[in-house]
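Report on the following structure.
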Amino acid sequence: MELLFALTIGVLTASGVYLLLRARTFPVVVGLTLISYAVNLFLFSTGRLATGAQPIIGSTGSYTDPLPQALVLTAIVIGFAMTAFVVVLSLRNLADNDDDHVDGHQGNDHSQPDQSKEVTGK
Amino acid sequence: MSLPLVVLLPFLGAIAAPLFAQGGRTAIAIASSVPALIALAALYPHWQTLAEGGVVLHSYEWLPALGISLSFRLDGLSLLFALLILVIGLLIILYARYYLKAKENVGKFYALLLCFKGSMLGIVLSSNLLLMMIFWELTSLTSFLLISFWTHKQDARRGARMALAITGGGGLALLAGILLIGNIVGSFELDDVLAAGDLIKAHSLYPVALTLVLLGAFTKSAQFPFHFWLPHAMQAPTPVSAYLHSATMVKAGIFLMARLYPALAGTEQWFYMVSFTGMATLLLGAYTAMFKHDLKGLLAHSTVSHLGLITLLFGMGTKLAAVAAVFHVINHAIFKASLFMAAGIIDHETGTRDMRRINGLWRYMPHTATLAMVAASSMAGVPLLNGFLSKEMFFAESLELNLPGLLAWLPPIIATLAGIFAVAYSARFVHDVFFNGKPVDLPIYPPHEPPRYMKIPVEILAFACVMVGIFPAVSVGPLLYAAASATLGGEVPEYHLTIVHGFNLPLLMSFVAFFGGLLMYSQRQRFFDFHARFKEVDEKAVFEAVVSRVVDKAHAVTAWIENGSLQRYALLLVVSVVAVSAMPLVDMGIFIGENGLTPVDWPTGIAAAVLALCAVATAVFHRDRFYALILLSVVGLVVALAFARFSAPDLAMTQLSVEVVTIVLLMLALYYMPSWTPIETTTARRIRDVLIALVAGAGMTLVTLAMLTQPFSSISEFFLENSKPGGGGTNVVNVILVDFRGFDTLGEITVLAIAALGIYAMLKNTALTPPPGDGQGHAWSRDGHPLMLKLIARPMLPLALMVSVYIFLRGHNMPGGGFIAGLITSVALILQYIASGMIWTQDRVRFKYHNMIGLGLLFAVIAGAGSLAFSYPFLTSTFGYITWPVVGKFEVASAMVFDLGVYLTVIGATLLALVSIGRLSPHSAIKSKKEGA
């Protein structure tokens with residue numbers, strides 16, 4: 001189980017990092033979301049993997065560690081707030097500069113020419 | 001008490017003095033004199049103790065753990081320097097009153113001057129080396145501000161910058177040296193350090209410590225090869241040059257050598273480093289001074305040369321040489337300050353400092369000329385003046401050096417040579433300025449004597465030159481003895497302060513220097529021609545070039561790293577994390593801890609496979625943004641399942657509802673964005689990114705695996721035990737959030753609120769036109785809101801709200817609580833927006849989300865502050881039970897009010913963010929304006 005869990009986190013991280021290194025806002029946001037899944041799972045698992053041991057007094061015989069859960073719960077909510085903020089930042093950038101690049105090259109090449117490229121790309 | 005007062009007074013004066021600036025220059029000059037007068041009065045009672053070789057100590061604790069204390073120490077040496085600083089300071093204040101023009105910022109000038117005076121007194125009176133270091137740096141800073149006092153002059157700014165760079169850099173070296181010494185001795189107190197001289201000298205780090213301390217001293221005292229800042233500091237107003245750059249600040253390095261003389265001197269290394277640096281500086285300064293046409297430039301190089309002389313004397317290492325050094329400190333301060341003041345008067349009255357234009361001033365200002373000639377003769381070492389006495393001692397000591405072989409001739413020859421130059425440049429100062437024909441093309445013509453009181457400081461100093469020169473034993477004898485004994489740490493060798501010691505070799509050297517110098521001056525044109533053959537190195541240009549090259553390089557590095565590309569930053573970040581963790585990870589390899597692995601069950605395995613597959617697919621198909629989003633949402637849902645699977649029901653519920661909100665958010669954003677990410681990078685680059693990603697993923701896998709299989713101990717026992725009896729709830733996660741770690745949660749909902757308000761602000765006046773179609777040739781559907789969704793969504797709202805209230809209320813004991821209930825409510829409301837549209841829903845939402853956020857935070861704070869009313873700490877919670885008719889026994893906790901705050905904030909923040917994005921398109925913006933009207 002531990003190996004499976006670790007591999008899953010690894011896959012999430014790898015996919016997230018790859019997307020993080022793209023040149024447009026949207027893939028970066030998606031990449032960040034994937035990385036935050038990985039991080040949340042990792043933080044959560046510092047309390048180790050337990051089955052049927054929810055930290056609710058009286059519900060079971062033994063309880064898993066509640067502290068990482070409390071940390072991750074707020075992390076999930078704050079993570080959403082941060083994602084929203086970054087998304088809005090990129091929307092504002094799109095509105096002001098008519099561009100969604102994050103690689104430092106400002107270009108207005110995302111409308112018509114891209115679509116022709118994408119057709120050939122497909 | 002009196003010693004800290006002496007140091008503190010000038011700083012207080014610096015605050016008070018500018019208040020008198022309105023009253024004119026005389027008022028502020030009088031006000032600025034007060035601290036020095038009080039300080040002199042405060043020092044007077046200690047004289048008897050010091051004359052007998054005693055020490056006065058005043059100490060207060062400051063940071064005992066770091067070895068820093070506010071301790072002050074007065075002995076003969078510090079008294080000598082304190083007197084120089086205070087008395088010459090008073091004369092400078094009087095002089096500056098007439099030097100500065102009424103329209104100049106006199107308040108700033110006097111305030112800075114007093115700050116400098118306080119810092120300088122701090123250096124000489126500190127007993128703690130670290131405390132001294134603070135004052136040392138303060139003198140560098142105040143000197144910087146004083147040199148650049150005329151901020152409109154570019155040369156002044158550059159000169160100030162150079163002085164700060166050199167002395168500040170030396171200060172860093174000194175700090176390191178002092179820390180080393182403190183480490184060796186185990187204390188920063190001067191008494192301990194001075195007593196531990198043998199320990200320091202025997203220590204293996206002694207050479208390093210010595211070099212660092214000397215770097216500090218040499219940069220401050222303008223020793224070769226750092227001497228070049230001093231001539232460029234002459235862009236300062238002349239009172240500053242006279243005070244800082246001849247009498248006091250440049251002597252701080254000398255003071256340091258004298259102060260640490262018992263602790264550091266007496267070794268081969270000290271001898272070679274100090275004496276040879278001194279010799280080089282002495283000769284170079286004297287030689288260069290002769291060729292300067294600028295009056296102050298001549299004096300500046302002469303100062304460099306005399307500082308070299310004093311350094312050389314300290315370097316010699318004999319006790320008599322140290323006495324001579326201390327003596328020359330006094331003499332040089334006296335004659336050089338008066339010469340600078342005279343130069344300032346000439347500049348003031350003629351409008352120029354160029355000696356090729358200033359000639360024959362004797363006819364116009366005989367009084368000033370007489371005073372300047374006395375001081376200049378002292379500088380040249382003419383008998384019956386103070387400069388002669390210490391120079392004579394210097395010549396005598398230069399003969400006593402036991403260098404091997406022919407090298408033994410080096411010091412006396414250099415001394416005589418420097419003496420010849422000194423006579424020559426002094427002669428030039430006198431002859432060129434006051435005689436030698438008529439003035440050429442002066443900006444102010446005819447020049448005349450300065451105001452009466454401007455000459456008084458010069459008169460006093462010139463009088464002192466004569467007094468010390470003729471009656472040395474009476475005038476400075478006791479002070480010199482006290483200072484020398486403090487420098488040497490006790491025993492003072494026998495020396496005689498008489499005018500002539502009989503006809504001996506030193507006197508012969510003086511004769512040679514005197515007549516040689518006059519001869520050289522009379523043949524000066526030949527030397528000028530000879531000197532003109534060499535290209536003069538402009539130190540300032542070199543320095544500026546070095547600085548600008550360093551700045552350029554720094555800019556280039558910054559531009560390489562910070563090139564405006566998020567891609568580059570992310571890459572650097574990931575690569576550095578990988579690089580830093582690579583070594584330990586490779587060492588560890590695939591590590592499985594003591595706990596071992598547990599078996600995998602089929603459903604979990606399948607779910608994990610789905611998650612991994614979708615995550616990879618998200619990356620692979622990310623160009624089609626909509627598909628990527630759908631795949632991403634699958635990943636999120638499986639993550640929620642994972643939480644549920646591994647005993648975290650609260651997390652599962654949170655993740656589930658956040659997932660819905662996040663996907664809606666991204667979907668909304670995607671509406672405005674291009675729906676396709678074009679290929680813009682080369683294949684090689686993508687392969688590189690894949691490799692980086694794989695390495696990062698592998699690293700995370702190894703770390704997670706190693707951690708998961710390790711046993712661990714947690715602080716959670718406390719939470720599990722006290723959740724029910726202390727917090728009144730059985731859901732430990734929720735009790736942690738609203739009770740144990742309530743303050744954290746308060747901070748977190750505040751962040752949430754700030755993020756939402758930030759989003760609102762960013763989008764408030766922004767309009768964004770969505771692309772006309774989905775980017776693949778399809779136009780958007782013109783359909784209204786789908787009927788089925790509308791019909792289902794509307795009755796769902798009350799149901800969903802009821803569920804959320806239920807989840808909220810049970811949160812303290814069962815999975816749920818403010819966060820989750822808030823998210824469920826948000827989802828229910830968002831569903832209405834999706835099903836029925838912005839306008840329809842907004843019409844029916846009768847409150848503003850801003851208010852909701854504010855209300856939520858208010859509830860949370862009130863819940864916390866409530867406990868203060870019962871004199872419990874902030875956010876202490878209490879609970880009780882009440883019995884309701886139908887429901888039965890029901891628990892009420894004060895933490896529930898807090899949780900209500902969380903609930904409201906989460907709803908407000910989530911909806912404010914989403915609605916702000918939804919409003920973006922011009923279409924809905926127009927509609928919402930209509931609403932307002």
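Glycine is treated like the rest: Cβ placed from N, Cα and C.
According to DSSP, the secondary structure content of the domain 'NADH-Ubiquinone oxidoreductase (complex I) chain 5 N-terminal' (B:66-110) in residues is 30 helix, 7 strand, 8 coil. Under the heading domain 'NADH-Ubiquinone oxidoreductase (complex I) chain 5 N-terminal', TrEMBL lists B:66-110.
The domain 'NADH:quinone oxidoreductase/Mrp antiporter transmembrane' annotation in TrEMBL covers B:126-403.
According to TrEMBL, the domain 'MrpA C-terminal/MbhD' annotation covers B:610-674.
The domain 'MrpA C-terminal/MbhE' annotation in TrEMBL covers B:685-764.
On the 0 to 100 pLDDT scale, the domain 'Na+/H+ antiporter MnhB subunit-related protein' (B:788-911) averages 85 in the predicted structure. For B:788-911, the entry in TrEMBL reads domain 'Na+/H+ antiporter MnhB subunit-related protein'.
Taken from TrEMBL, the feature transmembrane segment covers B:78-97 (among others).
The annotation transmembrane segment is assigned in TrEMBL to B:109-127 (among others). Sequence-distant contacts of the transmembrane segment (B:109-127) (same chain, six or more residues past either end, CB-CB distance under 8 Å): 3, 6-11, 13-15, 17-18, 21, 28-29, 31-32, 35-36, 39, 57, 59, 69, 71-74, 77-78, 81-82, 85-86, 89, 92-93, 96, 100, 134-136, 138-139, 142-143, 145-146, 149, 189-191, 237, 239-240, 243-244, 248-249, 252, 255.
Residues 67, 129-130, 132-133, 136-137, 140-141, 143-144, 147, 192-193, 196, 199-200, 203, 205-206, 208-220, 226, 229-230, 232-233, 256, 263, 543, 547 of the same chain lie 6+ residues outside the transmembrane segment (B:163-185) yet bring a C-beta within less than 8 angstroms of a C-beta in it. Residues annotated as transmembrane segment in TrEMBL: B:163-185 (among others).
According to TrEMBL, the feature transmembrane segment maps to B:242-264 (among others). Sequence-remote contacts of a segment are chain residues at least 6 beyond its ends whose Cβ falls under 8 Å from one of its Cβ atoms, and for the transmembrane segment (B:242-264) they are 77, 81, 84-85, 88-89, 92, 95, 113, 116, 120, 123-124, 136, 139, 143, 146, 174, 181, 190, 193-194, 196-197, 200-201, 209-210, 213-214, 216-223, 230, 233-234, 236, 270, 274, 299-300, 303, 307, 310-311, 314, 322, 325-326, 329, 332-333, 336-337, 339-341, 344, 487-489.
According to TrEMBL, the feature transmembrane segment maps to B:270-291 (among others).
Look at TrEMBL and you will find B:298-316 (among others) tagged as transmembrane segment.
Same-chain residues lying 6 or more positions outside the transmembrane segment (B:322-346) and placing a CB less than 8 Å from one of its CB atoms are 77, 80, 84, 88, 91-92, 95, 99, 238-239, 241-243, 246-248, 251, 254, 258, 261, 295-296, 299, 302-303, 306, 309-310, 313-314, 353, 358, 361, 365, 368, 371-372, 375-376, 378-379, 385-387, 389-391, 393-394, 397, 429, 433, 447, 450, 454-455, 457-458, 461-462, 464-465, 468, 476, 479-480, 483-484, 487-488, 492-493, 495. Taken from TrEMBL, the feature transmembrane segment covers B:322-346 (among others).
Sequence annotations record features per position, and here TrEMBL assigns transmembrane segment to B:626-646 (among others).
TrEMBL lists B:691-712 (among others) with the feature transmembrane segment.
Residues or ranges marked as transmembrane segment by TrEMBL: B:745-763 (among others).
Residues annotated as transmembrane segment in TrEMBL: B:791-809 (among others).
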For this session: With DSSP as the reference, give the number of residues of the domain 'MrpA C-terminal/MbhD' (B:610-674) in helix, strand and coil.
Result: 56 helix, 1 strand, 8 coil
Exercise. Apart from its near flanks, which chain residues at least 6 from the ends of the transmembrane segment (B:626-646) lie with a Cβ under 8 angstroms of it?
Worked result: 604, 607-608, 610-611, 614-615, 617-618, 652-653, 655-656, 658-659, 662-663, 666-667, 670, 675, 774
Exercise. Between the stretches B:298-316, B:745-763, B:791-809, which wins on the count of C-beta pairs under 8 angstroms to the transmembrane segment (B:852-875)?
Worked result: B:745-763
Exercise. For the transmembrane segment (B:298-316), what are the same-chain contacts with Cβ under 8 Å, counting residues 6+ beyond its ends?
Worked result: 218, 221-224, 227, 230-231, 233-234, 241, 245-246, 250-251, 253-254, 257-258, 261, 265, 270-271, 273-286, 288-290, 292, 322, 324-325, 328-329, 332, 336, 339-340, 343, 355, 379, 394, 397-398, 400-401, 411, 418, 421-422, 425, 428-429
